[in-house]
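Down below is the structure, laid out as structure tokens.
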Amino acid sequence: MERILEKLNLAEVIGESAWMLLLLFLIVGWKFPVIGIVAVFCMIAPVVAASWKEGRIWCGNHCPRGQFNDNLLSKISRSTEIPSFFKSVYFRIGFFLFLIYNFVTGIINANGNLAAIGLVFYKIIFVTTIITVSLGVIFHQRTWCAFCPMGSLSALVVKIKRKFVSNPMQIKVDEEKCVDCGLCSENCPLDLEPHNFSEKGDCNLDCLHCNECIDSCPVDALNKVNKN
């Protein structure tokens with residue numbers, strides 16, 4: 001089935017159109033907040049994908065917000081470097097705990113009411129979308145992705161997989177071909193440095209597997225390698 005999907009290119013087509021789901025969710029959810037419950041799928045999907053396949057592949061190819069950032073927000077973004085502050089472990093943990101606290105509190109206060117529970121999810125998506133757009137305009141369109149709680153959790157899953165289970169697919173650099181032109185870094189949505197990726201290092205835990213670095217390399221020094 002996976003090979004068939006690849007041949008038909010359905011996964012890529014669906015991924016590129018995923019941003020429409022975010023807009024539809026925000027518009028319809030404003031009137032019918034109960035649909036907010038469906039957001040749980042997009043919250044779980046990144047972690048499931050990281051556990052099953054290639055790290056943050058969901059974030060880079062199928063996430064509705066990620067595709068919104070790439071296809072719409074990028075048109076009005078200053079596209080500057082993402083501040084390192086947003087990538088720091090302390091900020092990411094702090095923001096994750098803050099979001100979890102508000103989420104759990106909201107669910108408890110909902111007292112089992114589906115509409116109220118849906119509203120909790122909707123508010124989280126609505127507020128974080130405002131944050132996404134604000135930071136995306138000021139800095140880079142993918143700034144939110146640098147500290148997205150589910151993206152960070154996915155990166156943690158990758159780290160655990162590498163240490164205890166397996167070494168999943170990674171971007172590998174051919175040092176003999178690489179000319180250190182830096183084009184891969186310039187084209188990376190998260191300002192990573194693919195030409196400096198190390199097999200033993202964790203510098204690529206946040207790799208979105210979007211293939212931007214591979215496509216931009218003028219000497220074909222980058223490729224995906226399955227370490228399993």
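Each Cβ is built from the backbone N, Cα and C atoms, and glycine gets one as well.
Predicted, not measured: the structure shown is a model, and the values here were computed from it.
According to TrEMBL:
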- 20-48: transmembrane segment (TRANSMEM)
- 89-108: transmembrane segment (TRANSMEM)
- 114-139: transmembrane segment (TRANSMEM)
- 169-200: domain '4Fe-4S ferredoxin-type' (DOMAIN)
- 202-227: domain '4Fe-4S ferredoxin-type' (DOMAIN)
**Request:** Find the average pLDDT over the domain '4Fe-4S ferredoxin-type' (169-200) in the predicted model and report it.
**Result:** 84
**Asked** What else in the chain is close to the domain '4Fe-4S ferredoxin-type' (169-200), if you only count residues 6 or more beyond its ends and a Cβ gap under 8 Å?
**Response** 53-55, 60, 70, 81-82, 87, 140-142, 145-146, 206-210, 212-228
**Request:** Report, as numbers and ranges, which residues of the same chain sit near the transmembrane segment (89-108): CB under 8 Å and 6 or more residues beyond its ends.
**Result:** 117, 119-120, 123-124, 128, 147, 149, 152-153
**Composition by DSSP (helix, strand, coil) of residues within the domain '4Fe-4S ferredoxin-type' (202-227)** = 5 helix, 4 strand, 17 coil
